[in-house]
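Novice: Have a look at this one.
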Ligand SMILES: Nc1ncnc2c1ncn2[C@@H]1O[C@H](COP(=O)(O)OP(=O)(O)O)[C@@H](O)[C@H]1O
Ligand SMILES: [Mg+2]
């Protein structure tokens, strides 16, 4: 229907100002749609990277088995292994699991760890701390320890300790000083302070300390195995599926970060819903705008429609002419709105460089194609009713108007 | 020779009940091929109503209507649209041309709309027709810039585009001054003589009617003379 297209184009160009205004209106709707997509998407990204970016995406913990109990046939407890020295359950075969887990698609880092509790003493001062033993060379695999260093280095070695700034201030510690760390199991060792970090997480900066894995082995009397394997993924949202894969592959109890993060997921979901809501409104505005503009246009052109019908134009031709106008307005508005949206998002920092205090717009999440497609579909939908009304115009009354 | 158009016992009633107006009351009329006929009658006598029924733009309340042997009362909208396109040309008093299109585009419309595009052949015929109407210089003019007489001549050219057997003209000169009216009538007579196209022209102007070979007078919803 080349000829129908020609007529539609002529009608649009005949009233340029009106068409331009209509296209602008559609473009604004598309702009809002894209802006919302980028904002909601960027916000989700931002919140996730803030809350989940520094934590393990999939975690394998050694199951803390119940203390072994010996029970007699008549139900009397004969013996209980006390918690204490024989404390920790371990992932004994970590050495074989780690390389295997590294081959799972989407896994970007694997960090075998030994964790436990201890006391840090410096002179007369004592602080209770959580101890994490990290494999040298993988210190920043999960938590970006390197990025949080304010003094010294994150690099761990035998006899070295890295701790938070709050703790360092509490104990008046300076780099190079020595201090004593005693594990909950009673093993104690002297360590040299080689790095001070600040994450901004108060709890962590006050009570988390890091040592090398070999040091942790001595402290917690674990000659082999680890207590925990932390895994980082390329895609946060793949955690559930990847955890299942790792579980199937190793038989270990791999837990995705989403377990126990229901509140965060709910918040993100609610935020996404708000986004859909606003985007739907933008689309509805477009549909109403196009529909009313076309309804007005078909009304104004009733005599012409009558003439065309008298000259042998079929009803379907009239429908085609007006639906094509709607589609063209949608396409033009969609393209210019998408271009405007893209240009408006350009000045915002990229997702890796979000700074607090600015809107975390993500230009890559503008949904440009979707915005244009939905707009064209919406505009076509909006024009069907006016077009059908136009096709039903009675040529006799239209011409004698 | 069988008639080009035959209507018999044509009745047209607008509205219903108390407000019903019977405009045509059993009107019968036959048009032979090649005739140039004036349709006379006072204002409100039903001339336009008859023309729109003959043009298949409206169906009669009762009576028969056939053209070229086809029963047009029974035909559906789709069939009538094609029939109109191929066999009937129109010239109206007002609202004749598509204002956003040039003279040539208006003239080519009846062919282009059927063929789905404006072919070179259609444009050539359109140019010839416009030249014949003395509008060779106005071919690419937006029709909004044409005078009333020029517009009606473009309308006549467009009515002839598909070489229809019948052209229906409803007071085509009603809005024109005498000179322009005479020019349009002269062109219509010339086409009728050279091509044998049948014209039915409604008018209440005796002078215009006298230029036609046959006069039909409508009164009280029937042909009275
Ligand atoms: N669509 C219509 N609805 C109601 N009455 C109509 C309609 N069209 C025409 N009429 C009436 O029919 C009568 C004849 O009108 P018309 O055919 O236009 O006469 P003419 O063209 O001879 O002046 C007039 O009284 C007019 O009011
Ligand atoms: Mg009339």
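Any Cβ shown, glycine's included, is placed from N, Cα and C.
These came from TrEMBL, pasted as-is:
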- A:19-248: domain 'MacB-like periplasmic core' (DOMAIN)
- A:281-395: domain 'ABC3 transporter permease C-terminal' (DOMAIN)
- A:21-44: transmembrane segment (TRANSMEM)
- A:276-296: transmembrane segment (TRANSMEM)
- A:317-345: transmembrane segment (TRANSMEM)
- A:365-385: transmembrane segment (TRANSMEM)
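What's the neighbourhood like for these features in this structure?
Specialist: Here the domain 'ABC3 transporter permease C-terminal' (A:281-395) has a mean pLDDT of 91 out of 100.
Listed by sequence, the residues of this chain that lie at least six past the ends of the transmembrane segment (A:276-296) yet keep a Cβ under 8 A from its Cβ atoms are 18, 22, 25-26, 29-30, 32-33, 36-37, 322, 325-326, 329-330, 333, 374-375, 378-379, 381-383, 385-387, 389.
Remote same-chain partners of the transmembrane segment (A:317-345), defined as residues 6 or more beyond its termini with a Cβ less than 8 Å from a stretch Cβ, comprise 1, 4-5, 7-9, 11-12, 19, 22-31, 33-35, 38, 286, 290, 293-294, 297-298, 305, 308-309, 361, 363, 366, 368, 371-373, 375-380, 382-384, 386-388, 390-391, 393.
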Novice: On the DSSP side of things, how many residues of the domain 'ABC3 transporter permease C-terminal' (A:281-395) fall into helix, strand and coil, could you say?
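Specialist: Helix, strand, coil within the domain 'ABC3 transporter permease C-terminal' (A:281-395): 91 helix, 0 strand, 24 coil.
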